[in-house]
Amino acid sequence: MSHPYASPFAEVIGDPIAQSKSPLIHGFWLDALGMEGDYRRAHVKADALAAYIAERRADPGWRGCNVTMPHKAAVMDLVDDPGDIRGTIGAMNTIVRQPDGSLIGTNTDAAGFYSPLAELDLEGAPIAVVGAGGAARAVLFALARAKVGKVAILNRSPLKAMGLLATFGLKGDVVALDAALPPVRLLVNASSLGMAGQPPLDLDLSPLPDDAIVYDLVYSPLRTGLLKAAEARGLDTVDGLDMLIGQAALAFELFFGAPPPEGRDDELRALLVA
């Protein structure tokens, strides 16, 4: 893979960070394009975040970083231009260093989530989303831009879910996790349910129409119980690697000035699940 400490370089920061697959993704693309550069993990604790940003800002070889938990909110106060993130998604997952050392923050999660759905016309379509955390905010932001119809949020905290509908100007309802699913066009799991080490997401998919799509943001395991149930019903599915790769593709171009190579996604997916 790409050589460590090559310049230019970008990083992914978080605490913990060892589990991140971002270095595999960006390293694969750098090698495939024959580009100079590197992308690596940086374990940054909360009390060292400001010092990390200040140090990297002064390094002209540093192109920026992706941001994972628990820093996605805190970094908004450490960049020069956070855009409209604070009042919308409320989380920043990408920082890009400009030639003058100024830092621009953005969030590629929403666009990354929507990339495998881009060919669909979801305007006015009914949607169901499981979860009301940070991932759900990115999902709802993207769905609002797509002008979807009513959105049902399945979540244990009704007030939090209703607040998200209001934040993104969406019409819809809050549904209990054990209630019957509405007959939606798209069902998205934006929670940690079904992830390795977490409780399963047990939903009865029988109310879904035959043309429904089931999208699970979880990618460990890749074939979650939800996706297996959807496949058993003959429904189209989208797994969590699509969002992971989609958001990384946008960040890669911001960091290194070139889009990822085309036609190599199957190789990349095989690398990520190996």
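Cβ atoms here come from the backbone N, Cα and C positions, even for glycine.
Fair warning: this is a prediction, and the values are worked out from it, not measured in the lab.
Reduced to three states, the DSSP call for K72 (active site, proton acceptor) is coil. Within the same chain, residues at least 6 positions away in sequence whose Cβ sits under 8 Å from that of K72 (active site, proton acceptor) are A91, M92, N93, G134. Swiss-Prot lists K72 with the feature active site, proton acceptor.
Taken from Swiss-Prot, the feature shikimate binding site applies to S20, K21, S22, T68, N93, D109, Y219. In sequence order, V12, G14, R41, T68 are the residues of the chain that are 6 or more apart from S20 (shikimate binding site) and have a CB within less than 8 Å of its CB.
Sequence-distant neighbours of G133 (NADP(+) binding site): residues of the same chain at least 6 apart with a C-beta under 8 Å from its C-beta are A190, S191. Look at Swiss-Prot and you will find D84, G131, A132, G133, G134, A135, L217, G240 tagged as NADP(+) binding site.
Ranking the binding-site residues S22, T68, N93 by C-beta neighbours within 10 Å puts N93 at the top. Neighbour density around each Cβ, counted as other Cβ atoms within 10 Å, peaks among the binding-site residues A135, L217 at L217. Shown in sequence order, V12, N66, L244, Q247, A248 are the same-chain residues outside S20, K21, S22, T68, N93, D109, Y219 whose Cβ sits within 8 Å of the Cβ centre of the shikimate site. The shortest Cα-Cα distance from S22 (shikimate binding site) to any of the binding-site residues (D84, G131, L217) is found for L217. Using Cα positions, the member of the binding-site residues K21, D109, Y219 nearest to A132 (NADP(+) binding site) is identified as D109. In terms of Cα spacing, the binding-site residues G131, A135, G240 that come within 10 Å of Y219 (shikimate binding site) are G240.
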